[in-house]
Structure formats: C-alpha cells, structure tokens
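According to Swiss-Prot, the feature compositional bias 'Basic and acidic residues' maps to 1-10. The region 'Disordered' annotation in Swiss-Prot covers 1-45. According to Swiss-Prot, the feature N-myristoyl glycine maps to G2. Look at Swiss-Prot and you will find C4 tagged as S-palmitoyl cysteine. Feature annotation from Swiss-Prot assigns phosphothreonine to T58, T234, T239. Residues annotated as domain 'Protein kinase' in Swiss-Prot: 69-350. Annotation comment: Swiss-Prot describes L75, G76, E77, G78, G79, F80, G81, T82, V83, K104 as ATP binding site, evidence class sequence analysis. If you look up Swiss-Prot, you'll see Y149, Y247 marked as phosphotyrosine. The active site, proton acceptor feature in Swiss-Prot is assigned to D199; the stated evidence is sequence analysis. Annotation source Swiss-Prot lists phosphoserine at S203, S233, citing similarity to another entry.
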Amino acid sequence: MGNCGTRDEAAVFTPQAQAQQLQKKHSRSVSDLSDPSTPRFRDDSRTPISYAQVIPFTLFELETITKSFRPDYILGEGGFGTVYKGYIDDNLRVGLKSLPVAVKVLNKEGLQGHREWLTEVNFLGQLRHPNLVKLIGYCCEDDHRLLVYEFMLRGSLENHLFRKTTAPLSWSRRMMIALGAAKGLAFLHNAERPVIYRDFKTSNILLDSDYTAKLSDFGLAKAGPQGDETHVSTRVMGTYGYAAPEYVMTGHLTARSDVYSFGVVLLEMLTGRKSVDKTRPSKEQNLVDWARPKLNDKRKLLQIIDPRLENQYSVRAAQKACSLAYYCLSQNPKARPLMSDVVETLEPLQCTGDALIPCATTTAGAAFAMGGVPDYRMHRRFAKNVGPGAICRSPNPNYSPGGPAACRVR
C-alpha cells in the first residue's frame with residue numbers, strides 16, 4: 001500500500017494499537033479522542049483503523065480497476081474529489097469477488113482533505129445499514145487518498161429530481177426514497193455512539209437498481225454529544241440551503257440539525273424545486289422561505305406540489321407529507337421531530353399514489369389518521385396549544401417534544 005503517514009507509523013493501526021495510543025493521550029479533551037468502538041478519528045492520526053470488512057487496496061490495483069482513471073469512467077465530481085466507475089475482477093487478487101464499484105479519488109488538499117477521507121473510513125468501516133452506502137475498501141499510498149464503494153446504479157437523488165433529461169420520479173417512489181433516507185439518518189442518530197451526518201442533501205443520497213436510498217459521503221460526519229453534553233461545537237461546514245439556521249449562527253451541532261436538512265430534502269422532493277435557485281424570482285429563490293408558510297395551509301399547499309406529480313397522490317397524503325416537512329423545518333430545534341418519528345410518519349405513506357409499494361402494517365399506520373403516532377390516544381392529552389409553532393410535550397422520551405409525536409393534530 002505504501003506509506004500514508006510519517007515514516008515511523010505503521011500503514012494501518014489495529015484497534016489494539018489505537019487503544020494503547022488513547023491511554024497515552026487520556027489527558028486530552030473529549031473532542032480529540034476516540035476509543036476502538038467509537039467512530040471518530042484521532043486528530044494526530046494519519047492512518048485509518050483496520051476493519052475486517054474493509055479492504056486496503058494498492059494504488060496499482062485501483063488504477064487497474066478504473067483503467068488508469070479513464071475520463072469516460074467519471075461518474076461525478078465534487079468538492080472533495082472525482083468519482084470513477086470501476087470493476088473488480090476476481091483475478092485482481094485472490095479472495096476478491098467480481099463486482100462493479102465506485103472509486104473516489106480525493107483532491108490533494110493537505111490535512112483537511114486527509115481528515116475527511118479518514119473520517120469516511122472510520123465511520124463507514126464500522127457502520128453497516130441497508131440505507132448507508134457500503135464502503136468496500138480504501139487506498140492510502142504516499143499522498144494519494146482513495147475510497148472504494150459499492151456501485152449505485154441509479155446515481156444521485158439530485159440528478160433524478162433536477163435533470164431535465166431524466167424521467168420524473170413518481171410520488172410513490174419519492175416517498176420510498178424519503179423513507180429510506182430517513183431510516184439511514186435514524187440509524188446514525190440511534191447508534192450506540194450517535195453520529196451526526198452534517199451534510200444531508202440530495203446529491204449525497206444515492207440510489208441502487210431498486211431505487212433504495214443510501215447515504216454517502218461521510219467526510220463531514222461528527223460523533224454526537226456524549227453524556228450531559230447538549231451539542232457539539234464545531235466549525236460550520238456543509239451546504240448552503242440545507243444547513244440548520246441555529247448551526248449556521250452558533251456552530252452548535254445536534255441531531256436536530258440533520259432533521260432540518262431532511263426537511264429541506266423532503267421539500268425538494270415534494271416541490272421538484274432546488275433548495276436555492278437563483279434563476280427564480282427573488283421571493284422564490286430560497287425554497288424554505290417561499291414554501292414553508294404554505295405547508296400548513298390546506299388551501300395553498302397543493303399549489304406548491306411538483307406539477308409533474310399530478311393525479312399520483314391523495315390530498316390526505318400530500319397534507320401528511322407537507323405537515324412533516326413543516327415541523328422538520330421549525331426554527332426552534334426542539335420543535336423538530338426525532339428521525340425515528342419521521343420514519344414512523346413516512347411508513348404509512350408507502351401505500352399511497354400508484355400503489356406499487358405494499359401498505360405499511362406498523363402500529364404507526366393504524367394511528368396515522370389521528371396524527372401519525374403509535375398510542376396516539378394515550379398521549380393526546382399532553383399536547384397543548386396545538387398548531388404552528390406550538391410547544392408540545394410527550395411523557396415518552398422516545399418521542400420528540402414537538403413535531404409529529406405530539407403536534408400534528410388537525
């Protein structure tokens with residue numbers, strides 16, 4: 001693999017070696033540390049932890065996989081690098097199976113680029129879920145940083161929503177994608193060591209051949225607050241138009257910051273509009289500013305639904321989806337639902353539209369007509385001043401203090 005750290009560093013740290021390093025650095029602040037079970041990189045480390053499910057590749061092997069990074073193999077380009085399509089042949093190395101892959105080559109931008117690369121390896125090396133893109137391997141050779149992912153045949157949600165040459169996604173498919181992405185975020189937030197994704201947007205939601213949504217690009221992910229901490233303080237990073245307002249203003253990051261970003265993406269899926277579009281009239285350039293006041297108005301919300309979805313959904317389904325987006329986009333983070341609430345709210349919507357997807361059979365489905373929450377009747381008396389901007393409370397700590405868990409009563 002070559003050397004991707006200093007000369008006296010091993011190419012890859014084992015978890016045991018990392019634990020020994022941590023004991024030596026125990027006096028450092030929490031933000032500088034990780035333990036073998038925590039998906040957080042060490043700020044002084046230049047090499048990833050080794051994981052049984054993640055393969056270390058040589059640069060020569062990845063050149064072979066991508067035909068020397070041929071320009072016509074490029075799948076996309078972004079701020080962190082270029083992604084190429086590749087194919088692992090079973091003759092490449094003993095024990096490897098033949099499969100198509102996506103190879104991301106990071107820009108050579110020094111420490112910051114390396115840290116983002118290392119974050120992806122250390123998060124995706126540990127986290128496995130049907131709605132997270134699978135990290136197959138990596139390469140760390142000299143100043144080269146590469147990542148190898150499973151190949152996602154359908155590309156990004158962004159392309160399907162906004163490319164004029166792409167057939168528009170149906171209502172049922174959009175709801176299916178929204179649910180899959182929500183499950184991915186809920187998994188991160190509910191992990192033993194919670195993870196804040198920090199860069200949830202349509203270009204980071206990839207679709208496989210069955211349109212299963214998978215979150216990709218974990219370069220900005222952060223370990224969530226621990227113990228009595230209420231938030232993580234960090235430099236503001238992400239994408240304009242998706243970042244939560246309180247995070248932009250203060251640098252205070254919580255799981256509810258991701259919920260806001262989810263609300264923006266859901267709004268993009270409902271309207272077919274970009275979060276920020278400078279080609280539109282000035283009052284319509286910021287999607288949230290333009291659409292959110294209409295989301296809770298039954299007379300206006302149908303005016304903002306993507307016209308390409310005409311006759312594909314029921315009015316009731318549109319109201320439910322718009323109401324969910326409304327609360328996800330609350331200015332007050334505490335009024336936003338938890339991602340687990342979002343999942344329960346979206347599950348019953350899988351049986352609407354063109355009925356290609358079977359109806360959900362969860363308890364949430366049975367209670368959905370009454371507000372979208374299991375055991376709704378038991379909790380109804382705890383909702384007060386129900387309506388836009390209301391502060392609602394639930395006796396169950398698994399529910400959010402606002403949003404779908406208690407407030408979406410009409």
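The backbone N, Cα and C atoms fix where each Cβ goes, and this holds for glycine too.
Recorded residues T58 (phosphothreonine) and V83 (ATP binding site) have their alpha carbons 17 Å apart, per Cα-Cα distance.
Within 10 Å of the C-beta of the residue listed as 'active site, proton acceptor' there are 21 other C-beta atoms, taking all protein chains into account. In terms of local Cβ density within 10 Å, S203 ranks first among the modified residues S203, T234. For V83 (ATP binding site), the count of additional Cβ atoms within 10 Å of its Cβ stands at 20 [all protein chains shown].
D199 (active site, proton acceptor) and T239 (phosphothreonine) are 7 Å apart (CA-CA, integer value). When pLDDT is averaged over the domain 'Protein kinase' (69-350), the result is 90. Its Cβ taken as reference, E77 (ATP binding site) is surrounded by 11 other Cβ atoms within 10 Å in the chains shown.
Of the modified residues Y149, Y247, Y247 has the largest number of other Cβ atoms within 10 Å of its own Cβ. For the pair L75 (ATP binding site) and S203 (phosphoserine), the C-alpha distance works out to 12 angstrom. Taking E77, G81, V83 as the binding-site residues under consideration, the smallest Cα distance to S203 (phosphoserine) is found for E77. Reported as a whole number, the C-alpha separation between G81 (ATP binding site) and Y149 (phosphotyrosine) equals 14 Å. Of all the modified residues listed (T58, T239), T239 sits in the most crowded Cβ setting, with the most other Cβ atoms within 10 Å. Checking each of the recorded positions (E77, V83, Y149, Y247) against D199 (active site, proton acceptor), the C-alpha distance stays within 10 Å for none of them. DSSP gives T234 (phosphothreonine) a coil state; it is part of no helix or strand.
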